[in-house]
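Below is one structure; the comments refer to it alone.
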Amino acid sequence: MEGFHATTIFAIAHNGGFAMAGDGQVTFGNAVVMKHTARKVRRLYHNNVLAGFAGSVADAFTLFEKFEAKLEEYNGNLQRASVELAKEWRSDRVLRKLEAMLIVMDKQALLLISGTGEVIQPDDGILAIGSGGNYALSAGRALKRHAPGLSAREIAVAALETAGEICVYTNDQIVVEELTE
């Protein structure tokens, strides 16, 4: 049986602003759009952490639950919770089969967490994952570099709009969450 997949998640820390955006499309296989308004970006840990997922929906919900438990266990320490989740994800036989990736951020860090055990912090304060991730990443980097007066939210929305114009698995039903200083 084919799974539900494909999305684009984009996150940026820019000019003191922190934003994460995701589209709303859920695709079944390669031919059918099952939902247009899914919410793939969430607020966690007393609204101080943003998390977005790309991949299998059921797998992503499992990871959200595990990550939120790690945040509670480590009192909101994003980096420690991320490393501990990645270690568990990589070493657990059941979790290892999950097909999803997470981007998580707070006001101090922006991180990519993968099932192979990586926890990656970007050099430029921008991350993107999912089927339209490379398009969003390119657009976001260009905007950050050449239109530095834009807010983090404006760049996140524009990056998702660009990805949605190119990637058939990304739509224009964009959800944006922000953290403010």
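Note: Cβ is positioned from N, Cα and C throughout, glycine not excepted.
In the three-state DSSP scheme, Thr7 (active site) is classed as coil. The feature active site is assigned by Swiss-Prot to Thr7, with sequence analysis given as support.
Residues annotated as Na(+) binding site in Swiss-Prot: Gly164, Cys167, Thr170. Listed in sequence order, the residues of the same chain lying 6 or more apart from Gly164 (Na(+) binding site) and placing their CB within less than 8 Å of its CB are Thr8, Asp23, Gly132, Thr170, Asn171, Asp172, Ile174.
The two recorded residues, Cys167 (Na(+) binding site) and Thr7 (active site), have Cα atoms 9 Å apart.
With a 10 A radius on its CB, Thr7 (active site) counts 31 other CB atoms from all the protein chains.
Excluding Gly164, Cys167, Thr170, which define the Na(+) site, the same chain contributes Thr8, Asp23, Gln25, Ser131, Gly132, Tyr135, Ala136, Leu160, Ala163, Glu165, Ile166, Val168, Tyr169, Asn171, Asp172 within 8 Å (Cβ to the Cβ centroid), listed in sequence order. There are 21 other CB atoms within 10 A of the CB of Cys167 (Na(+) binding site), with all protein chains counted.
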